[in-house]
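Chemist: Reproduced below are the annotations present in TrEMBL:
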BINDING   T220  Ca(2+) binding site
DISULFID  C68-C100  disulfide bond
Amino acid sequence: MGDSFYEYLLKAWIQGNKTEAVKHYRDMWETSMKGLQSLIRRSTPSSFTYICEKTGNSLSDKMDELACFAPGMLALGSFGYGPGEAEKFLALAEELAWTCYNFYQSTPTKLAGENYFFRTGQDMTVGTSWNILRPETIESLFYLWRLTGNKTYQEWGWNIFQAFERNSRIETGYVGLKDVNTGVKDNMMQSFFLAETLKYLYLLFSPPSVIPLDEWVFNTESHPLKIVARSSDEKK
């Protein structure tokens, strides 16, 4: 649940309407993001940006698809910085989103494995090869499209949806894959596929007026929470 902690530092600040009373959450998030930057690496030869996995004092050139929530979080948080820092964090978000999209594009089924290793000279290779219909990459594409207006993120989302349609759709719903290289199905549909993956895909192709981000904030499980209205004193 460590990822949710960092996400909620930012979102507590947003849900509190970015007032002085909740500024300490933003400060904690910015401090955490300084630590995140120390884990950023780039692959060879294609220079994919990825986040190293840290266990104690040990770093591993491995990134889980679960970590693909980070581009959306960074994009959402970038707008609280001043000029220069905002552009830097948004650029990092876009670079990481490109890597996450290629987690999908690099396999025969065009669906991402559970995690990837970045070995020198090999860019990315699938580690754990199952796909359980996770939402994190789609979530980040939604945020990047909403915040930048760049339709490229809709195109990427559509390509991922089409891969789900080809490989995971069955008569009674959708199922994960035991192996993204072979397409063998696992006969299970995780609840978060409906609650998160398909919800973010729907929002990716909906007008920004549908659950606008200046009125709502999504929790980790994709439930929209109303942003607290400012008091008359805070509006001054």
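Every residue gets a Cβ built from N, Cα and C, even glycine.
Burial and contacts for the listed features, if you can.
Modeler: Applying an 8 A CB threshold to same-chain residues 6+ apart, the list for T220 (Ca(2+) binding site) reads D3, S4, E7, Y8.
The Cβ of C100 (disulfide bond) has 29 neighbouring Cβ atoms from other residues within 10 Å, across all protein chains displayed.
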Chemist: So for C68 (disulfide bond), how many other CB atoms are inside 10 Å of its CB?
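Modeler: Counting Cβ neighbours of C68 (disulfide bond) within 10 Å gives 26.
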